[in-house]
Amino acid sequence: MTDSSILTADPKNTAKKLETFRSIRPLVHCITNEVVQEITANVLLAAGASPAMVVGEGETEQFASIANAVSVNVGTPYENRVAIMKKAARAASEAGRPWVLDPVAAGGMPWRDKIIFELLELGPAAVRGNASEIRFLAGVGTGGKGVDSLDSSEQAVEAAKTLAKKYKTLVVVTGETDYATDGERVLAARGGNPMITLVVGTGCSLSSLLAGFIGANGASVETCIACCDYVNRAGELAAARAKGPGSFHCEYLDALWLLQPGDF
Ligand SMILES: Nc1ncnc2c1ncn2[C@@H]1O[C@H](COP(=O)(O)OP(=O)(O)O)[C@@H](O)[C@H]1O
Ligand SMILES: Cc1ncsc1CCOP(=O)(O)O
Ligand SMILES: [Mg+2]
């Protein structure tokens, strides 16, 4: 990216946000997809949060209003689960709790796209997606290849700004470089390792971790980029020790746990 107005993540900011996150140990209410439940809970635990997958119709509103943050992920949507997502999003907003939307596979299927746009209207504190998802939501392109991106994150920076402005939210678009924007400022987190894309749920679990970072530190571009910077460092550490995706999965959890604020 040649745009000199995009600043790179400040390691001191990452250290501070990670420290606060660990001291608060946020309770993160996850309403996520069927594929990534376990990696999401494990990523949150390793990083230093308390995950809870509360998806019952009779309990989700109450829990959304007491958790530090809510993570809503549309990866495997069905009618009942979508109704629960909307209830939780409304309850969180009413209680002043932040919630994060992961618009998995936006652009591929009109039924799902309608649900995502309805959720966007409910006021997420942040939206985290891959480049094709973010571009589609901003009115550019037709989405990715299922849950995977066909675009680079650089190609989605302007779309991320447009989306952030339109819905008055923070937008995080991930890829080789991660970008966070409030519609005006853009910060970038570089590094990481592409092997992370060979383990399912690393994007989805990042969205839930982002909810935890926001729940602990407040919603800001700095909070978002700190979360991405931390995950990238964990990806680098894990890749240095892994033989392939299987051992990367384990090493990634270990790296999230091992990394300390002082390492940044
Ligand atoms: N080429 C890459 N090199 C390093 N890290 C990457 C690369 N592509 C994606 N990532 C990282 O993988 C994680 C998931 O991002 P991404 O693949 O964009 O999301 P999704 O899984 O939702 O499609 C993020 O932490 C992102 O930084
Ligand atoms: C494979 C798959 N199918 C529906 S949701 C999902 C998980 C996607 O996870 P991620 O976006 O983190 O790669
Ligand atoms: Mg995804």
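Just so you know, glycine gets a Cβ as well, placed from its N, Cα and C.
Annotated substrate binding site per TrEMBL: Met53, Gly201, in sequence order. According to TrEMBL, the feature ATP binding site maps to Arg128, Thr174.
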| message | Please give me the CB contact count at 10 A for Met53 (substrate binding site), counting all chains in the structure. | response | 15
| query | Here the binding-site residues are Arg128, Thr174, Gly201; which one has the lowest number of other Cβ atoms no more than 10 Å from its Cβ? | reply | Gly201
| query | So which of Arg128, Thr174, Gly201, listed as binding-site residues, have a Cβ under 6 Å from an atom of ligand 1? | reply | Thr174
| field | Local backbone state of Thr174 (ATP binding site), from DSSP in three classes | value | strand
| task | In whole Å, note down how far the CA of Thr174 (ATP binding site) lies from the CA of Met53 (substrate binding site). | result | 24
| note | Thr174 (ATP binding site) to Gly201 (substrate binding site), Cα to Cα, whole Å, comes out at 13
| remark: Of Met53, Arg128, Thr174, Gly201, the binding-site residues with C-beta less than 6 Å from an atom of ligand 2, in sequence order, are Gly201
| field | Distance [Cα-Cα, Å, rounded] between Gly201 (substrate binding site) and Arg128 (ATP binding site) | value | 13
